[in-house]
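Input: a single structure, listed below in structure tokens.
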């Protein structure tokens, strides 16, 4: 591990304008409350109803948990920095944020793959669905998601810890992320940039391509279904495709370019750090009749107790 001269970092924030900061403070605070409420309602509804027995909702439950945790790592600090005059973070806390955020985002990525696999089996192999998507396999898929997310994140953390930070400490971002940190390293970062593109950018493209291919196969297989079955499957799949696009497109845009490239990373990253976790509950509940019925039942149970 390299000896570090930098003991703390300072964030520039999202926009370097004092006038917009108060407005942004309230805006992100509202967004965070919406994330907490929306995802907590999904967790409560699924955990307190029969929906938890269904693989699709079992995965959705974990997705909501990831959204709750990942936003809680970023948004409270973002709002604090908008209100504070000094936007600093210690070196250790910065590394902790980098590791935990990438771990949770990695887990979320693989949960989206699990959900796509679940949809694929339900539509392409309906007769074998219960046998393939049994509870043991669902647990195994979630455990794999946690393991793969950890592997992605620990590889990134170990790489950063072996880089020398010996002078500049101003992070041009609102959180500790790999690319803005690489810009502060006082040695040639070309190899590190390639490793980041390999660990994040190409992995995101590969997974996104697999997900799109699975949905093309699903849509192709839907032709044989009755119109009612087709409508229900299309509704479920279109919700999932919206979530996948909202999460992956900004990720690919950010992590496929090298660290020195001039692009709007911090503005674009708001899509997957704040906007996607806020919209996911809406996307999954507004178009889902089962979810609405379950929410009504859970609400009635709580009001009667």
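Placement of Cβ uses the backbone N, Cα and C atoms for every residue, glycine included.
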Range annotated as transmembrane segment - as stated in TrEMBL, picked from 173-191, 268-286: 268-286
Stretch in 22-44, 138-161, 268-286 most in contact with the transmembrane segment (56-78), if contact is a CB pair under 8 A: 22-44
